[in-house]
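Single-structure report; data block below.
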Amino acid sequence: MIALLVRDLRLAIRAGGGFGLGLAFFLLVAVLVPLGVGPEGGLLAKIAPGILWVGALLACLLSLDRIFALDFEDGSLDLLATAPIPLEGVVAIKALAHWLVTGLPLTLAAPLLGVLLNLPLTGHGWLVLSLFLGTPALSVIGAFGAALTVGLKRGGLLLSLLVLPLYVPTLIFGAEVVKRGAAGLSVEAPLLLMSAITLGSAAALPFAAAAALRINLR
Amino acid sequence: MELIVSDVAVARGGIPVLEGVNLSVSSGTALVLRGPNGIGKTTLLRTLAGLQPPLQGTVTLPPEGIAYAAHADGLKATLTVTENLHFWASVNGQGGVEEAITRMNLADLRDRRAANLSAGQKRRLGLARLLVSGRAIWLLDEPTVSLDAASVALFAGVVREHLVRGGAAVMATHIDLGIPEAEVLDLSAFRANRHIPAGHGFDEAFA
Amino acid sequence: MSIWEYANPKKFSETAARILPVVAPLSALTLLVGLIWGFFFTPDDYKQGATVKIIYLHVPSAMMAINAWGMMLVTSLVWLIRRHHVSALAARAAAPIGLAFTLIALVTGALWGQPMWGTWWAWDPRLTSFLILALFYLGYIALWQAVENPDTAADLTSVLCIVGSVFALLSRYAVNFWNQGLHQGASLSLDKEENVSDVFWLPLLVCIAGFILLFVSLVLLRTVTEIRLRRLAVIEARERVE
């Protein structure tokens with residue numbers, strides 16, 4: 001299992017795309033939005049939590065189809081399915097690897113972009129915490145979507161269509177945490193609910209994703 | 001340690017291709033599957049590997065007993081020969097990477113990235129993976145594609161040694177590997193009779 | 001005599017052919033009675049005026065939009081557990097109908113919202129959840145169409161339907177949390193005391209019955225079509241082989 005994690009991380013680093021693209025996309029969103037809505041600080045501060053969360057979510061979406069598609073094409077997935085690791089474990093590890101190369105860098109870069117978007121200083125801590133606890137759910141849900149569409153030729157667009165509605169609860173609670181945190185209100189409820197979604201997804205979705213993979217490998 | 005296939009039918013793309021397949025492979029024996037293109041060799045091997053369920057019949061396997069080598073080698077282009085092998089060795093909880101590299105004559109290439117290997121070299125690396133799988137029954141789908149004569153002989157030697165050590169192999173291949181002890185099974189005899197429904201194929205209810 | 005006998009495509013088609021000529025006209029009749037009664041023979045609401053009458057389309061279609069998903073969930077589970085093809089095909093057949101009901105609920109809601117709230121669209125929790133429900137339907141239908149092998153498609157969509165149901169429920173609660181909303185409370189409940197007054201309630205019940213019958217006839221019709229399409233594909237595949 002650890003070998004799989006190490007391999008996936010190594011591949012992501014060597015291929016270059018992993019970290020870089022998602023982060024660059026996230027940065028672009030944070031730059032383009034002020035250009036679109038105008039430079040007024042108050043307005044930006046107000047919409048910053050939502051923009052940052054939507055940006056992180058879309059950046060995460062960019063690399064989802066690579067979770068299984070590459071291994072499917074070169075035959076590794078067949079071999080992993082016959083290897084002694086349970087396929088559920090493969091899914092969980094691959095989701096973790098995806099989070100380490102997208103979710104985690106996005107979380108760490110977020111405060112910088114928060115500054116660009118005039119997010120009040122009190123909100124930064126909550127921004128990092130909410131992304132830290134919420135982006136794992138995005139990776140696991142994304143791995144489920146990637147497992148559903150792995151054999152398809154034009155799977156990328158379909159993947160977005162399938163995954164984005166599933167992202168709704170995480171997005172709502174995550175952005176709510178930042179919004180409330182920035183306004184100095186209590187964030188307990190949305191933070192707990194979002195963490196519950198992350199934990200629930202991490203516990204249950206690898207099974208659904210492994211089932212989908214087995215169906216697709218038939 | 002025995003692989004037993006009894007009365008198995010398999011389908012490709014929803015159409016039954018083989019039916020009534022009976023075979024068994026035990027320690028020290030090898031079986032070569034023959035038959036024209038499209039007869040269902042790959043489908044049968046995938047069924048034996050547990051990647052797809054048989055339409056009917058049963059496949060009995062020792063637990064975690066098989067290593068499957070498909071058309072695709074499962075190599076990562078950006079990893080070196082050693083890294084690729086190390087990965088599959090540790091996934092299977094095995095060692096012996098160095099030995100496998102020597103046996104498949106890959107020593108000179110050990111630090112080369114898989115992207116820079118020739119087709120035959122990739123194939124040799126893909127087959128070296130079998131040696132670090134620690135599995136007793138090898139399911140090989142056209143193992144000698146893109147191998148030159150010397151490499152085929154090398155590989156045949158590796159398979160024979162595996163048999164001597166108590167392993168077994170089921171191979172789909174068109175050429176004579178030079179493994180005299182291998183039995184040959186012509187799959188043409190099991191071609192599914194498509195006029196008669198295969199029993200509980202999913203589409204039968206609709207016909 | 002077990003209910004699973006109807007899982008046989010032939011038996012299902014024969015039964016559907018016998019039921020449809022009864023159910024379809026009945027649904028037309030019920031809808032006609034309910035809508036005419038509702039539109040022309042009920043008084044205007046003292047606050048909402050004549051606009052309240054859109055309730056006879058809005059409420060039943062919203063109910064059926066959710067019930068259709070529920071039916072898809074049940075048939076998906078039946079397919080995964082018992083491998084009856086008709087069940088999977090019924091789920092496939094119900095999805096576009098559910099989507100249509102969702103869109104009707106959204107459009108009639110917008111038409112109603114304009115005079116009432118002064119806006120065509122508000123990010124009200126109920127409206128928002130219906131919009132999200134429409135996205136779930138779209139994804140489900142798209143997955144059915146993208147996968148070539150019908151059994152693979154049935155398996156994958158069933159898994160999606162189950163996971164989607166959980167997330168649809170979560171979204172509903174998340175959206176409630178996110179915005180408390182303008183929408184009025186439920187118009188109907190089993191407890192008669194809490195209902196809208198009888199004059200509106202009775203024709204509404206008739207309309208709901210009409211929508212249920214309409215849903216049943218459409219699902220039967222489309223399932224039979226799906227069965228025939230599947231049969232055609234099998235026959236064509238055979239001919240290619242021979």
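Cβ atoms are placed via backbone N, Cα and C, with glycine included.
Listed in TrEMBL:
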type	residues	note
DOMAIN	C:25-183	domain 'Cytochrome c assembly protein'
TRANSMEM	C:20-41	transmembrane segment
TRANSMEM	C:61-81	transmembrane segment
TRANSMEM	C:93-112	transmembrane segment
TRANSMEM	C:127-147	transmembrane segment
TRANSMEM	C:159-179	transmembrane segment
TRANSMEM	C:199-221	transmembrane segment
Model confidence over the domain 'Cytochrome c assembly protein' (C:25-183), averaged pLDDT: 90
Residues of the parent chain within Cβ reach of the transmembrane segment (C:159-179), under 8 Å, 6 or more residues beyond its termini: 69, 72-73, 76-77, 80, 91, 123-125, 128-129, 132-133, 136, 139-140, 143
Beyond the flanks of the transmembrane segment (C:199-221) by at least 6 residues, Cβ under 8 Å: 16, 19-20, 23-24, 26-27, 30-35, 37-38, 41-43, 45, 52, 55-57, 59-61, 63-64, 67-68, 71, 90, 93-94, 97, 101, 187-188
Intrachain residues whose Cβ lies under 8 Å of the transmembrane segment (C:127-147), provided they are six or more past its termini: 62, 65-66, 69, 72, 92, 95-96, 98-99, 102-103, 105-106, 109, 113, 121, 153, 156-157, 160-161, 164, 167-168, 171-172, 175, 178-179, 183
